[in-house]
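These come from TrEMBL:
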{"type": "SIGNAL", "residues": "1-18", "note": "signal peptide"}
{"type": "DOMAIN", "residues": "184-371", "note": "domain 'Peptidase S8/S53'"}
{"type": "ACT_SITE", "residues": "D193", "note": "active site, charge relay system"}
{"type": "ACT_SITE", "residues": "H231", "note": "active site, charge relay system"}
{"type": "ACT_SITE", "residues": "S384", "note": "active site, charge relay system"}
Amino acid sequence: MKFASWTGLFGLAALSCARQFTRDYDNNDYYVLHIDSNATPEQVGSRLGLRHEGVLGGLTDHHVFQSPKTDHDVVKRHLADNRKRKRNPGVADVLDSILFTSKQEARQHLHKRVIPPPPPSFKGHTPRLADGDPVATAVKQQQHVMAQLSIKDPIFAEQWHLFNTVQLGHDVNVTGVWLEGITGKNSTVAIIDDGLDMTSLDLKDNYFADGSYDFNDRDPVPAPVLAEDRHGTRCAGEVAAVRNDVCGLGVAYESKIAGIRILSKPISDADEAEAMMYRIDKNQIYSCSWGPRDDGRTMEAPGVLIRRAMLKAIQEGRGGLGSIYVFASGNGAASDDNCNFDGYTNSIYSITIGAVDRAGQHPYYSEHCSAQLVVTYSSGSGDSI
């Protein structure tokens, strides 16, 4: 489901803001090494013939090294040769300080959670429940909320997931907390996706540049580049579209929204790990509406570096309270896909969200699994949000 959550209404700076290096995977190889305190990265790099690039994001003792491109793993070859030649096990060697090594490969393995059309086997007609008659008392209550909060956004009355005047009770029931002053202020959500249009009139006032970065093009500004780079902006609008006279309203319309771009090009586990823990001192919630292909055949899970990045974030992010990772369950139910086979959604480090439609029914596309903790409103019954 196209998902963006309001879960936030429920010494790290230096590490999180480590210098971002441009990486050329066509001409260079990159290695991430976990090194203990018995050696420096410079010593290890010199021994292996690698150039030390720097620390991997905020992961303590995890270092990125670069070398000219080869068809083999330079580090593993050195380690194997060292084991063969080592005569005295009691003699320390600088390579003994390497606890973990991973040669990086850029690949396109993550895909946006877009809603597919109904399959040919889908039976029956889907009624447009939006065509029902609004309940007069609900319309009056909605108008009261708009007056109390000075909501002038022209399509707010059509945002049934925020206030449903036709199927009463089938919305996120948020206007009551808005009236209590809980509107997302002091919360920051990072949309990890395909970029974010920070010039949009509905987003620019809530855009949080300090929490944003483009890991596809290694640029501080994660603006959409490709024609299909629209998904992240839509997710951001669902969270933090500004209260103004443009379009509609975000569920947390006074929150700050950051963009982290990773889905538009192949990336490595090192790139993804950096993205998943980017500015954990500033970003509080990471909204992730993506995963492996929703085709019922593909399985994927975060690698070691990504898991370590998420673990660090949930332990140390958000001022020690822990970063929050929210994942969409997936849109492959019509292909018999199941989010239990997605290592991102079934991770103990993430919160997985499924979909219901405006009638509270399970849409044909929404995957369900034991990892799913909650559902929220999305497309279905002939309508969308």
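Yeah, the Cβs are placed from backbone N, Cα and C, and that goes for glycine too.
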Request  = Count the Cβ atoms, other than its own, that fall within 10 Å of the Cβ of H231 (active site, charge relay system), considering every protein chain shown.
outcome  = 22
Least buried by Cβ count (within 10 Å) of the active-site residues D193, S384 = S384
Ask   = Under a three-state reduction of DSSP output, how is S384 (active site, charge relay system) classified: helix, strand, or coil?
value = coil
Query = What mean pLDDT does the predicted model reach across the domain 'Peptidase S8/S53' (184-371)?
reply = 97
Request  = Taking only the Cα atoms, work out how far S384 (active site, charge relay system) lies from D193 (active site, charge relay system), in Å, as a whole number.
outcome  = 20
Ask   = Could you tell me the C-alpha distance between D193 (active site, charge relay system) and H231 (active site, charge relay system) in angstrom, no decimals?
value = 7
